[in-house]
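**Q** Dropping the structure in here first, questions after.
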């Protein structure tokens, strides 16, 4: 058996079940609050997991109780089954409620599909309102995300960002002077939501949600909030105050990309990435992003999937409204 094949089988084995980093999880009531959706958010009795549902009346979501200046944010997520076209489940950080015109954002977005077709995952990086220069990527998933929960994690440091599925890094963004304000730098909250993205999520909006299959239910557990909490009003000397926390973050195992981890990331991207802003000439012409490296297998796969044949407006995602936390009490599941 070829070495590359053995390596790839090992990668799939690692992603077959949730592989947790050695980080403490946070009970819902100690780190989060209800964002929107009335009774569409149901908390478990042990306060360790949450169900978010979408029906024809509303989606639902929750938000961290604090803002964070850098951190490691993670959740084990199980996605809705069956027909899910138009459904979007999201786990992300944002400060759009505080900086509506210059917001920062880091996303995992899970895009539903028709029965028999796979979910797709999209990651986004926006800094200082740079949605017009959106740094989006899309991937296929090498497992069924509706059968069991998998862990999705975002590491955000002053120097780099890493997206993880289980313990496999799938994307790294390294800060450079050339990126300027496009690298997220302001304190952000952590969000989880489910909502109707019919205008763009499945086949670029050609296939809409069908509420005959509602409610669509996603499950979140193993919630992790590890970062430097900051006051959104009194942001005095946050860099100095957060220095120790950032140092701890950058020395943790999830912040160190060993040669083996980088090889796994490269293999994942070559096999499963189907869209990258780096190769999108429809949107950006010959403009070269400072954080892009040309990788021939990635570019070839981009062309094979044809995502570069869609007009720019169809590639971009719709903007979610940022809402204030809901005062409505949540229910508890059995």
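Counting begins at 1 with the first residue displayed.
Cβ atoms here come from the backbone N, Cα and C positions, even for glycine.
In case it's useful when we look at the structure, here is the feature table from TrEMBL:
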- 105: active site, nucleophile (ACT_SITE)
- 19-220: domain 'GH16' (DOMAIN)
- 314-334: region 'Disordered' (REGION)
- 1-20: signal peptide (SIGNAL)
**Q** What average pLDDT does the predicted model assign to the domain 'GH16' (19-220)?
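**A** So the average pLDDT across the domain 'GH16' (19-220) works out to 95.
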**Q** If you skip the near sequence neighbours and keep only those at least six away, which residues in the chain come within under 8 angstroms of residue 105 (active site, nucleophile), Cβ to Cβ?
**A** 92, 93, 94, 95, 96, 124, 125, 126, 184, 188
